[in-house]
Amino acid sequence: MPLQLFGRDQIVVHYDNGNMSNDDQNHQSVLGSWTRRAAAALRTLMNKRIQRITLTHWLLLVIWVTSLWKFTSHYRQLYANSAVFATLCTNILLFGISDILAQSIACFYSYHVDPIPQILNDTFHHVQNNRDVENGGGYESDELSIFNDFTSEHSSYTDNDDYPELDRPLATFKTDTFDFFRWGCFMFWGFFISFFQAPWYKFLNFFYTEDPTVVQVFERVLSDQLLYSPISLYCFFMFSNYVMEGGDKDTLGKKIQRLYISTLGCNYLVWPMVQFINFLIMPRDFQAPFSSSVGVVWNCFLSMRNASK
């Protein structure tokens with residue numbers, strides 16, 4: 001009970017409510033405990049697998065496909081007002097679906113039976129440690145894994161030479177969790193290229209107008225595949241290197257050397273025919289969304305290709 005003097009003959013008494021403070025602390029402790037338990041339960045629920053794919057992947061896929069379905073009814077009106085804005089919204093949804101599919105495929109294939117069960121791994125540890133003790137090696141190898149290299153400093157022979165399957169490192173399957181950062185970056189890339197995609201289609205339709213129809217289509221396809229595709233693919237790898245992966249000039253050079261030419265070759269196997277159909281059949285206001293819709297499969301491949309090591 002502290003006393004505070006304000007002047008002559010004036011005393012103010014403050015009563016400390018210690019019980020209330022303790023109650024508040026207990027309440028906060030209980031609340032924090034329940035919050036942690038709820039978060040853990042939610043994580044467990046979202047990591048539940050349906051057909052080998054987590055509930056998180058399924059939920060996001062359903063939400064984005066439903067949003068795309070509802071968006072289609074408003075596309076014409078949006079395109080009439082602004083072609084860029086309509087393309088922007090379309091790309092965000094389609095690129096989001098592409099990466100969800102890519103991560104779902106990776107999640108599906110990450111779920112398989114370990115070729116070396118844990119009980120065999122533990123047994124191998126036990127036998128190896130006992131042999132080290134008998135040889136006077138003590139327990140220095142307690143921290144070693146069955147998949148470590150047991151080679152001595154001056155020998156090229158390993159105990160695993162007779163068991164090559166033990167040389168494979170134990171994979172840490174991180175593909176069973178959804179990578180929201182990668183997903184967001186992929187949608188941002190779709191958002192970014194919308195500012196170039198819509199004007200590019202307008203340019204092609206405006207520039208090639210006097211020749212017969214088939215000739216116009218071939219000219220547009222060649223212009224698209226020889227100019228737009230190589231540049232946009234290179235820019236995508238730059239974006240993924242610097243933004244998504246935090247790389248530098250050296251990592252970009254390695255990525256381009258390892259992935260660019262082969263990916264561009266795959267592009268030329270798919271997109272010339274797609275764009276020929278696009279420019280020949282589709283109305284002009286549906287050319288961009290048509291290519292983006294077909295691009296769901298391509299972007300899914302591109303996302304997996306970029307994530308490959």
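Placement of Cβ uses the backbone N, Cα and C atoms for every residue, glycine included.
Predicted, not measured: the structure shown is a model, and the values here were computed from it.
Some features that Swiss-Prot has for this protein:
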- ASN19: N-linked glycosylation site (CARBOHYD)
- ASN121: N-linked glycosylation site (CARBOHYD)
- 1-52: topological domain 'Vacuolar' (TOPO_DOM)
- 74-81: topological domain 'Cytoplasmic' (TOPO_DOM)
- 103-183: topological domain 'Vacuolar' (TOPO_DOM)
- 205-225: topological domain 'Cytoplasmic' (TOPO_DOM)
- 247-260: topological domain 'Vacuolar' (TOPO_DOM)
- 282-309: topological domain 'Cytoplasmic' (TOPO_DOM)
- 53-73: transmembrane segment (TRANSMEM)
- 82-102: transmembrane segment (TRANSMEM)
- 184-204: transmembrane segment (TRANSMEM)
- 226-246: transmembrane segment (TRANSMEM)
- 261-281: transmembrane segment (TRANSMEM)
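In the topological domain 'Cytoplasmic' (282-309), the DSSP tally of helix, strand and coil residues is 24 helix, 0 strand, 4 coil. The average pLDDT computed for the topological domain 'Cytoplasmic' (282-309) is 83. Here the transmembrane segment (261-281) has Cβ contacts under 8 Å with residues 204, 213-214, 216-218, 220-221, 224-225, 229-230, 233, 287, 290-291, 294, 298, 301-302, 305 of the same chain, all six or more residues outside its ends. Tertiary proximity for the topological domain 'Vacuolar' (247-260) is limited to same-chain residues at least six positions away from its ends with a CB under 8 Å from its CB atoms, namely 233-234, 237-238, 240-241, 305-306, 308. Here the topological domain 'Cytoplasmic' (205-225) has long-range neighbours at 267-268, 271-272, 275-276, 279-280, 284, 287, meaning same-chain residues at least 6 beyond its ends whose C-beta is under 8 angstroms from one of its own. Under DSSP, residues within the topological domain 'Vacuolar' (247-260) fall into helix, strand and coil as 12 helix, 0 strand, 2 coil. Below 8 angstroms of C-beta separation, residues 89-90, 285, 289 of the same chain, each at least six residues beyond the ends of the topological domain 'Cytoplasmic' (74-81), sit close to that stretch.
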